[in-house]
Structure formats: C-alpha cells, structure tokens
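A.B. asks: Annotations for this protein, taken from TrEMBL, read as follows:
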BINDING   D:Cys203, D:Cys208, D:Cys211, D:Cys220  [2Fe-2S] cluster binding site
DOMAIN    D:1-86  domain 'FAD-binding FR-type'
Amino acid sequence: MQETKTPLYIRGKAHLMLEVELCGLKMKNPLMLASGIMGSHVSSLIRISRHAGAVVAKSVGTEPREGYRNPVVVNYAHGLINAVGLSSPGVRAFAEELEKFRAEGRSPLVVSLFASTSEEFASLTPHFPMADAFELNLSCPHAENVGMAVGSDPELVKEIVAEVKRSTEKPVFAKLSPNVLDVVEIGKAAEEGGVDAVVAVNTVKGMSIDIVSRKPKLSNISGGVSGEAIKPIALKCVWDLYKELDVPVIGVGGITTWKDVVEFILAGATAVQIGSALFYSHRIFYSLVESLKAYTRSTGESLVELVGKAHTG
Amino acid sequence: MQETKTPLYIRGKAHLMLEVELCGLKMKNPLMLASGIMGSHVSSLIRISRHAGAVVAKSVGTEPREGYRNPVVVNYAHGLINAVGLSSPGVRAFAEELEKFRAEGRSPLVVSLFASTSEEFASLTPHFPMADAFELNLSCPHAENVGMAVGSDPELVKEIVAEVKRSTEKPVFAKLSPNVLDVVEIGKAAEEGGVDAVVAVNTVKGMSIDIVSRKPKLSNISGGVSGEAIKPIALKCVWDLYKELDVPVIGVGGITTWKDVVEFILAGATAVQIGSALFYSHRIFYSLVESLKAYTRSTGESLVELVGKAHTG
Amino acid sequence: MYCVRVEKVVKHSKDVATIVFDGILPSYPGQFVMLNLFGYEEIPLSLSSPRSVTVKAVGETTRALVDISPGALVGIKGPMGNPFTPAEGKALLVAGGIGIAPLLYLHDYLIAEGVEVHVFYGARNADEIVCLERLKSYEVATDDGSAGFHGNVVELAATKDLSSYRKIYACGPEPMLKALYKLLNERELLNRAEFSLERYMKCGIGVCGSCVLENGLRVCVEGPVFSAAKLEW
Amino acid sequence: MYCVRVEKVVKHSKDVATIVFDGILPSYPGQFVMLNLFGYEEIPLSLSSPRSVTVKAVGETTRALVDISPGALVGIKGPMGNPFTPAEGKALLVAGGIGIAPLLYLHDYLIAEGVEVHVFYGARNADEIVCLERLKSYEVATDDGSAGFHGNVVELAATKDLSSYRKIYACGPEPMLKALYKLLNERELLNRAEFSLERYMKCGIGVCGSCVLENGLRVCVEGPVFSAAKLEW
C-alpha cells in the first residue's frame, strides 16, 4: 500500500504501478501465463516471459505421458474446451527442457506438478532447480487418478501440500477446481497444509457434440471449459476464497481484457493467470500491460492498492 | 421409434416429427419453458404455451417471498447472471394465478416447487390441480435453506422425491445443480426416490463486478450463470446422467439455437428447457419449432429417434 | 451494466428532478434505462432526453435519486425497449404527472424533425407541473384547478377536436390511459395512438416476467410503448 | 469444428491422394485445416486448393484418409494460419515431396493473378511426383534420378540463376528448407523467400504449444508461412 497520495507515475515510477510481490516472487506485473498453455517448450516460455509477470510451465508428472488423441481442444463462441490429457515428456526430460530458462527467462518461472500421491508430488520438486515456485495441479478435470481426482478431497489436499512444502523451500501454489460443492473447503485444506497461495480456478467440466457427425468433438468425449464463458464462475471462486482465506489468491478463468484483470483484482486476486486468451492474441501480455498502465495512470492507484477493493467498496 | 423408414413428413405427418411423450405428458415438441423465466404470470405462460411443448411456472414455496433487491439479473456477452431470490407470491396466490391456465393453456403445465423439507415440498402439490407435473427445485444456487442447500445431499434428495411422490400421482421431475462434485450421484438419489425424470441443469454459481463503481453488479453479490456460456457444462451433465440413469433426462443450460436442441437430444435429452434465450428473442419457441421441422425434414428422422444417438454413433 | 456520472441535477420541485448524465446515451424517445443507484435499487426510468432522466420521488430509491449529488456514479443498463414511432404533420402529446418524462424527449425529437407538436399536460396541482419551459405549445390541466383547465387531462382532451393530429402519444397513470383509450376509441382515433405503459419491473431485459401484461406481453421488451389499438382494453 | 463431406478422392499413387470436399473453404494459399477423421485423429493439413487437401499416407490416420470413400464426413477446423503473401512479376515455387500440397494452391492462385510462375519440384523418385498436370512451368528433381534432375531440389535450384524471381516460396522437409535457406542466403535472396513450416501440432489454434519453434513462435498461429529472413537458421 502506498502511504502518499501522489501517484507513482507522477513521481517517475510508472512501472511500479503494476508491480506485485507474490509470496516473495517479484513480478513486474500481475499477469502470469496459465499452466498448460504454450508451456511445453522453453522457447515459448522465454518469449512470453518478456511481458508476463511470471510464467507457469505445463504440468509435469513423474513419467512421460502421451495424453489423449487429437482432437484435444475445440473452440466455441464463448471459450475453449480441452482434454489434452496431461501430455508430458516426464520429469527428467522436462527439467532438461526448462534448464535454458535460467539464463534467458525474464520473469519468475513456476513449475506445475501433477501426481497421484503426496510422496509422488514431493519427489518432483528437487528436479527443478530453475523453478521459482511450484504450482500443484489439484484440478485437471479429465485425467484419471490425478488432478481433480486428488484435488476434491480436503484431507488429501492438505496432506499433499504439507508433503510438498517439506520437499522445497520455494513457494507452493495450489490450483483448485470449480467442479466441487465448495471451493473454499478445498482452499482451507490447502491453507492448513501450509500452501503459500491458491490459484482459482482450473477448467469447468464440459463437452460439445458435433450434430452432423453426431459424435463428441473431443477424442476424450468431455474436457474442461475455459475462456470468457467461465469468467463469472471463476470470479465467484476468487471472491469466496479471498473472503475466507489468509493466503493470496491468484485468479484465473476467462481473463481476456484489461477490464477482466481489474475485475479479478477487485474481487481479491493478487495476481491473475491468462490462458485461453492466447487463442485470441499472442500479444495478449503486451497489450494487457499497456492497457493496465493507462488504467493505473487514469486512476492514480497502483494495482496492488485495488486487491479486494470490491469487498469493502 | 419408427419401424418404417418412410419419413413421417412424407406420410403427411410432419407434425409428428417433433412430438415427444415425456413421463406420460404428450408434448407437441420437446421445447419447454424453463422455470423462473416469464413464469410468474399466467398470461405469459399461456402465451408461450402456444408454441412451447410444455411450460414450467416459476418456483413457488409455502409462503410469499419477496426475493432480492434489484438488480437481480445482469447480462454479459456470454449469458446472464441472476439472483432473483425465489421471489414468489406464495402457494395460495400463485395457485389462484395459475387457475386460468386450465382453460387457456395450450400445452402441459409443470409447476416448480421449492421448500426446505420433504414435508414442506409434499404439502405444496395438492394446491395445484391444474398442474400436469411438478418440478422440484433442488438447485437454485443463491437462496438460503432451499434449492441447492437441500439439493446437494443425496439422502435428502431421495427423501424429498419419495415424499413428493407419495403426495401426488402426477409425474415429478428433479431439477439438479451443476455445482456439485458429481451430478450423477444426486441424479441416482432422485431416481432411487422414484423420480420420473431429472432436469439438468440449473444455473452455475457466478458473479460479476463493475470496475468503475467497484461493486458487485447483483444486489445479492453472486448469483447463477445461465445462457450460452454454460452450454458445454450442462451438456456434460446431460451426457453423464443419460449414461447412468434409467429415467428420462430433460436438458437445460444455454440452449439458444435449433442446433443446441439437437446437440442436447443427441447427448441424451428427451426434452429441453429454454430460459435465457428469451432474452434474445421472445419468438424463440416459434422459431426453434420451425427450424427443427426443417431439420427433421432434411434428415427424415423424428427427434425422438435421436435421443442419446451420440453415445452409440 | 456500465457506469455514467451525474453531471447536473435540475430540481423542478421538492420531489421532481432531472438527472443529467455526463454523456449521451444513444437512444430514441420512449426508451428506458435500468438505473442502479448503488446502495439502493436498480429501477426502470424513461429517458427525458438522450442524457437525462426525470424522476419523481415516490419511494426510497427515487427519493435518493432526486437528492443525488453531481459527480456521483450510477449504473446503467440500456437504453432498452421499443421507442415511440415518429410522426409527420401534427402530433399530440398527452402527459399525466411524471408521465411527462418520456414525452419531453419525444417533444424535442419531433420538433427537431419539423413536426408540429401540441401537449396536453395534466397533474394534481400546479406544483406538480414541471419543465413547461421546454414545451413549445401546451395546455395544462390540474385536478384542483390551481393551473390551467380544472379537471384531468383526458377531460381536457375531450373538449377538443383531436382529428387533426396524425399521431397521439400518451404516458401517465393507467387509469388516465384507460380513460384516454375510451375517448380515442369513441372518436375512432385509436389507431393513431401510442401509449407508454408502466409495470413493476425487475430484470428489465425480458426474462423475469415481472412486467407482463394481461395479454402475456412484456412491458420491458415488447413495450414500454404499445400501439393503443393492440391493447384490448 | 464443422463437418464437410468428401465429394471425390483422386488417387495420385498408392500413398498420395487429393481429397476434394463438397464445398469451397474460404481461404488463401498456405493456410491449413485441422481435419478430424472420425475414429482416427485430428491432423493439420495444408489446403491444396480452396476445396481440397493433398495427403501422403505416413501413419494410421493419413493412410485411412488416403483410402477414404466419397460421401464420408470429415470434421474441419479452419482454414487457419498465415497464408503466403502474393507476388508480382515472376515467382518461384520450391517443393519437396508432399510439400507440393500448399504450393499447388499457391500456383493456381498466382497464375490467376497473372504472375509468371515456375516450379522446382523434388522427390525421392518418379513415383512420388504428383499433380504435374496442374503445373504450368516446372522442373523436376529426383534423388534416384528416375525423373528429371538427378539430385535434390535445392541442388537443382543451385544450378540456376534465381535473381529474376521476385518471390520464392518453399515447402518441404526441414533439411531441404535449411539447405534452401543457406543457398538463398548466399545469393542474398533470403528477403524474397517465404517458407511453410511443419511441426508436430495438437490443438492447431495456438494454445497447446506443441508446435512452437526455437524462437518461441507457433507454427499454427504465427505460421505456418514465415518470412525466411526471420528464421534465424
């Protein structure tokens, strides 16, 4: 919070208007690349890190995993539906891939992990010395034995978080699913396990059928809905988590414009993740940053001052 | 199912192409007005019954209930978010209001009920002799002690359905919420209670914040998301319920075009409900009926032949 | 919903004010907005110009709105609803009470289009007559005779030859509109008339069904302006 | 995704076929579609005309597609991706193997635009050379010398004066493109060249990240056609 009322940009510190510190990570802006999007290759992570405040790599597990057959993503007028199936080269190959980020990355790197047990989760962290933080995928809605399968049981969530925390000194984020009766219950369990921040939310279970061929459009039949369609759903989760939890909330779900970023921050998000919006524009981070600079200039408030403002407003 | 391959429209029976029998209700087409939309006044129900296969009145409880302060509905690019708060004139006044439907309604009338206990639910049915069926609101996401509050506990759902079934000989539908870990679990509970059909789904929890005033747009802060945004979510619930249940599934959630109707039928819906689409066009039932007639003419199959076809396709 | 800022508040009386926004809302006369007065309620209000509403304090929300300070933000949905259809030649506007609001907008619009406009404007008493300075040609009626014709506005209209008006537009309390309906029906002028109706309205966008008429149509979507001939009163 | 019907299948050889759809896909040469062969996979394929793809059987899905029957439905996403940019004057097309597919579309397009087009077309052997009848002016190269120039297509190009071509378009295996890059770089013609690249592709719409290049750009969105000068090879 700024003590003085003179806006930062007047004091020649316009770049500070967007800066945010998230669990010790210094981020030039609150915009993070969401996991699973463009996150399999270090080259795209490096490229995106030029403008993004942080990048989250695609979820990785202990073993290589092929994922589902194509089609794994379909778009519709209001977003995307995907069932990629956590395709991953496995922990060793991926750690090697990410090594180059150390030299060339321009913002913090978050490594997303999936696993079936707390031990398996914890075994992954030592492989990633280049990671600045870890995100636990407790929420992929379309894979067996991982993701939501482990992330909808509060006890298990608490145990996983605690075990991972013991394995690393780096911040640990828990990415939650909206496909539960009460996201706050899961968030609280993660908090009790010692999580540093929660990420809300992963995709919403959904599917689409082609009426000409009369077949589901995804090879996996169903998948997870992302994009603008789910923005109000994600926002509600962020609102509730901000109200009930003490740890920071990272908002994700349908954020496409700078207005969406502000909306999530007002609801309580310290940072936000951008995923499906890359479908609309690969310059999304650059354009969001420029728009947010203009917005903070117009209001004279830095973004961190706005976190949760709609609760008290 | 038609034994012969000669399309009905060639045998001079084009109107039969859309006809459906749902738990004994003879419907001229599978399109039902969803509860809560235009359903407070008998005049609009009568008007809509000209083209709709059936109409569902707005949920009614034992006592008059004012609902939330305005704004209770906001629209966004991908749908609506509402928290009307189950405003209702109460059972006596509403039964009187609906009386006129008996003489002037042109399709079956379904009366939607909300209550906190199974006894309260059961006490409502005798008030509505003009009803052809009842729909149990086990899924409103934004009211205390009713709706989802009673509809997310399988045991309670089973008990409510069983009690209501004892109170009436008319078909009883259970309207389910997508805001649960597993909609099939609730659907099965309803089926064990003796439900005649399940309706999937009610709105998805969500909210929206105005970034200028920095306040939630709804007076109730959060509400339920409906409209095109939630179509893939609803479709997935219909798909799963069709697969696991024996009773018919009535699909609802974002159905806006004739293609959406076909998509839900292919997923397993015997009938569908239309709600938010009335925001786009008050002639929606008429135009959907005409489009569906054209569609069935082009394929030579009646709609009932298509139910669940995407499962086997 | 989006926000606009209140630029100016013109008090016409203790209970009636025009709230002027800081920008034009693209609209036609007869359309309304859902105005959300934060901390109070969202209510439907007819536009009295492309950038204003004219409101009478009748409850908690309208009271607060009449007393609002310039600079305040209000939420807006719309403009929405079917507007009045334009006239050629001579047009008559019949207003009852705060029903003057949409007719003020229509008045200015028709004048700008070169239409010859006359207004019959009725209210309970002289204090409730507002904005006369905006009207080019008018006659006033008051129930208590404190200004103009002593009697209601339909009684005033009944004393006149109305046949020269190509269009007759009316807005006011429903009993007034029903009386006018009867008068115009007798004179076989109903097909020239358009009435702007009011109903208790919640969502304003056609889904909640609060504002449906006896014929099943919604004031917010199929209205608020209806051809009088279609009202089956 | 939407469905189109296969109208015709033209077999060029046992392993190569052109699948003609029952309607035109509004597109430009160089764009691709994600084609979903139901029961198999969804794969990226360059359009070889506004209503066809030309495919070589290299795996299970492409094999089934080459053998598809007319009348079958296939799912289509797109056309997507950046197309070739048009030329004026003289243009050279350099194709390696099934890389001929997008260049067939480009060939017809440029001819229709009045461009003078010449094609260098290389393949392993004469059997793999297809659709020559569609080409107006061409030279063929085969690795085994079974048709035309004995050697690869870049070796063929190297024997020529390329400076008269205002644009040079190429599609083929990456080693071929890299060799061509080197040749054009030596001749200082790189800024006239556009290459269509291939990568393992899953979503086709820019989100999965399967097809990113070493520079972080996506073949599906920033490509598949890239200015050769920007490739930093």
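Backbone N, Cα and C atoms are what each Cβ position is placed from, and that goes for glycine too.
Could you tell me the structural context for the features on the list?
C.D. replies: In three-state terms derived from DSSP, D:Cys220 ([2Fe-2S] cluster binding site) belongs to neither a helical nor a strand segment and is classed as coil.
In the predicted model, the domain 'FAD-binding FR-type' (D:1-86) has a mean pLDDT of 95.
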A.B. asks: Identify, in sequence order, the residues in the chain of D:Cys211 ([2Fe-2S] cluster binding site) that are 6 or more apart from it along the sequence and have a CB within less than 8 Å of its CB; answer 'none' if there are none.
C.D. replies: D:Arg199, D:Tyr200, D:Met201, D:Lys202, D:Arg218, D:Val219, D:Cys220, D:Gly223
A.B. asks: When each of the binding-site residues D:Cys208, D:Cys211, D:Cys220 is checked against chain A, which show a C-beta distance below 8 angstroms?
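C.D. replies: Filtering D:Cys208, D:Cys211, D:Cys220 for a Cβ under 8 Å from chain A leaves D:Cys208.
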A.B. asks: On the three-state reduction of DSSP, what should I expect for D:Cys208 ([2Fe-2S] cluster binding site)?
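C.D. replies: DSSP assigns D:Cys208 ([2Fe-2S] cluster binding site) to coil.
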A.B. asks: Name, in the order they occur in the sequence, the residues of the same chain whose CB lies under 8 A from the CB of D:Cys208 ([2Fe-2S] cluster binding site) and which sit 6 or more residues away.
C.D. replies: D:Lys202
